[in-house]
Amino acid sequence: MQGSPGRTPMPNTRLLVLFGSQTGTAQDVSERLSREAWRRELGCRVQALDSYPVVNLINEPLVIFVCATTGQGEPPDNMKNFWRFIFRRNLPSTSLCQMDFAVLGLGDSSYAKFNFVAKKLHRRLLQLGGSALLPVCLGDDQHELGPDATIDPWLHDLWEKVLGPHPLPLDLSLTPPGVPWPSKFTLKFLQEVPSTCSEELCVTGTDPQGPPSELQPFLAPMVTNQRVTGPSHFQDVRLIEFDITGSGVSFVAGDVVLIQPENTASHVQQFCQALGLDPDQHFTLQPREPGVPCPARLPQPCSIQRLVSQYLDIASVPRRSFFELLACLSCHELEREKLLELSSAQGQEDLCEYCTRPRRTVLEVLCDFPHTAGAIPPDRLLDLIPLIRPRAFSIASSLLAHPSRLQILVAVVQYQTRLKEPRRGLCSNWLASLDPGQGPVRVPLWVRSGGLTFPKTPDTPVIMVGPGTGVAPFRAAIQERVAQGPRASPGNVLFFGCRQRDQDFYWEAEWTELQTRGCLTLVTAFSREQEQKVYVQHRLRELGPLVWGLLDLRGAHFYLAGNAKYMPADVSDALTSIFQEEGGLSGPAAAAYLARLQRTLRFQTETWA
């Protein structure tokens with residue numbers, strides 16, 4: 001966003017905003033920074049960290065880094081290359097001596113490594129000679145008003161620092177909040193339906209140029225879609241199998257598959273009606289500014305039907321920026337007034353109560369503001385609504401055991417808030433709705449490396465802790481190790497936890513058969529089958545001598561997968577207790593032992609919120 005017709009950004013104020021975003025929040029904050037720069041007549045560029053040529057940082061005078069922290073203190077996927085580069089030991093300590101910078105972090109204080117990425121990046125930029133404009137901003141999802149409670153005052157201080165040497169000229173004033181900023185794209189409707197349907201060319205069965213990717217996913221036939229939890233269990237969990245014959249897809253244990261979901265047909269219809277759009281209308285998209293790419297996956301030309309069903313995330317919970325732009329576009333006095341209130345700093349408690357806490361969706365909000373929704377210019381759709389993001393699932397099978405097949409274990413997300421309609425996870429519910437028994441079903445997918453890497457030598461023992469659907473990557477690992485030969489088999493130790501043996505004990509028959517063959521040591525924790533709840537960390541402590549012996553005497557690797565909130569910390573506590581009780585280590589020595597396991601990749605985690 002470089003400005004708009006009739007406005008020239010101020011000279012000598014090149015502001016660069018670089019973001020690392022996993023779920024879109026950091027990107028949303030970065031675009032907010034760009035809008036606020038535009039209102040202050042400042043030129044501003046916004047880029048994902050891994051799309052920016054990092055060697056050019058030495059020439060940048062003013063950079064704002066906006067970084068999320070994922071999992072257990074890891075950088076988002078779209079800044080991992082930058083992360084590796086910036087921590088190279090051979091970088092001179094004066095590399096960034098000409099750069100003023102600020103770091104804005106996004107995290108969740110319920111996790112042990114709260115905003116770890118932002119804190120570590122801030123320190124590293126100082127080491128490389130950069131000058132910090134402000135202390136690092138620690139946005140917190142756990143705050144009752146969300147990250148904006150910290151971000152708002154920090155941004156106020158940031159603009160004072162940035163504009164200090166570059167105040168607005170006397171004949172210019174801050175563009176008021178109610179004035180819309182320029183749209184990124186212009187959308188041109190076509191009078192006729194295109195004769196060659198380019199939409200079908202966007203995704204093909206195979207890619208001769210390389211393995212499937214986000215830009216060229218493989219349309220995998222779904223083979224089976226089976227519920228694996230008991231009928232009285234509170235959650236629907238599916239084992240889904242895809243046929244990847246001829247796809248070029250290859251994977252090993254620990255890798256993940258990414259799936260691109262779609263909105264439901266009823267939601268697409270409702271959205272088009274609310275905005276007065278013809279789903280069969282075709283259009284082309286053009287960026288307003290040079291150098292701004294169109295969304296890479298979007299075919300040109302494209303139909304409104306395809307745009308809404310496969311690209312616009314109308315089932316997401318809108319952020320504050322959505323209300324800010326909607327207010328700018330509204331011509332209805334009462335609706336505009338309410339939207340301005342919800343997007344203001346003073347209205348954040350009301351926004352939280354209306355939207356964030358009950359998880360109200362983009363579509364539901366638009367239906368609540370019908371006059372505004374009906375007047376939204378089509379050019380604004382991609383400014384207003386984020387794109388649907390692919391969802392990652394641990395691969396639950398090995399190609400050595402199931403050639404040409406890929407299996408995943410999917411917990412179907414559904415829960416109730418104070419709203420009448422249940423809240424439903426977009427991807428898991430879309431997958432659950434697909435029935436290959438009723439006809440061919442194809443799902444766009446591709447594979448990438450995951451957070452878990454297993455020993456190359458099959459006789460190295462592995463201890464795997466996978467409660468619930470966290471067991472999925474360990475099934476792939478066990479299948480792979482058993483297929484590699486008998487040397488690997490005795491060293492497979494799996495701690496599995498669930499609620500009840502007869503309701504959510506995934507792959508019970510498979511584990512039992514492997515135990516009988518001497519290929520697996522299985523330890524279970526059924527939390528609801530006795531008065532006192534029993535979890536995997538309790539079983540670890542009970543088998544402390546086995547765990548310590550495998551780790552300290554046989555060089556075992558330890559793996560943990562599952563919910564990120566409490567379980568990783570509980571398991572880490574159990575391990576440090578084992579190190580003290582079985583190894584005779586002091587508290588600090590036990591913590592150092594665990595840290596050494598992590599540093600040498602003998603303790604690895606794959607967790608999700």
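Yeah, the Cβs are placed from backbone N, Cα and C, and that goes for glycine too.
Note that TrEMBL annotation is computational and uncurated.
The domain 'Flavodoxin-like' annotation in TrEMBL covers 15-159. Here TrEMBL flags 21-26, 68-71, 106-115, Asp141 as FMN binding site. Sequence annotations record features per position, and here TrEMBL assigns domain 'FAD-binding FR-type' to 215-455. Here TrEMBL flags Arg359, Arg391, Ala392, Phe393, Ser394, Gly425, Leu426, Cys427, Ser428, Trp608 as FAD binding site. Annotation source TrEMBL lists NADP(+) binding site at Thr469, Ser527, Arg528, Lys533, Val534, Tyr535, Val536, Gln537, Asp570.
In this structure the alpha carbons, written CA, of Ser394 (FAD binding site) and Thr469 (NADP(+) binding site) are 9 Å apart. Across all of the domain 'FAD-binding FR-type' (215-455), the predicted model scores a mean pLDDT of 95. Between the C-alpha atoms of Ala392 (FAD binding site) and Asp108 (FMN binding site), the distance comes to 20 Å.
Residue counts for the domain 'Flavodoxin-like' (15-159) under DSSP, split into helix (H, G, I), strand (E, B) and coil, are 58 helix, 35 strand, 52 coil. Most Cβ neighbours within 10 Å, among the binding-site residues Ala68, Ala392, Val534, Val536: Ala68 holds that distinction in the structure as shown. Checking each of the binding-site residues Gly71, Leu426, Ser428 against Val536 (NADP(+) binding site) by C-alpha distance, the shortest gap belongs to Gly71. Cβ crowding, taken as the number of other Cβ atoms within 10 Å, peaks at Arg359 among the binding-site residues Arg359, Arg528.
The maximal spread of the NADP(+) binding site, taken as the longest Cα to Cα distance among Thr469, Ser527, Arg528, Lys533, Val534, Tyr535, Val536, Gln537, Asp570, is 19 Å. The maximal spread of the FAD binding site, taken as the longest Cα to Cα distance among Arg359, Arg391, Ala392, Phe393, Ser394, Gly425, Leu426, Cys427, Ser428, Trp608, is 26 Å. In sequence order, Gly451, Ala564, Thr605, Glu606, Thr607, Trp608 are the residues of the chain that are 6 or more apart from Gly71 (FMN binding site) and have a CB within less than 8 Å of its CB. Sequence-distant neighbours of Gly24 (FMN binding site) (same chain, six or more apart, CB under 8 Å from its CB) are Pro386, Arg389, listed in sequence order.
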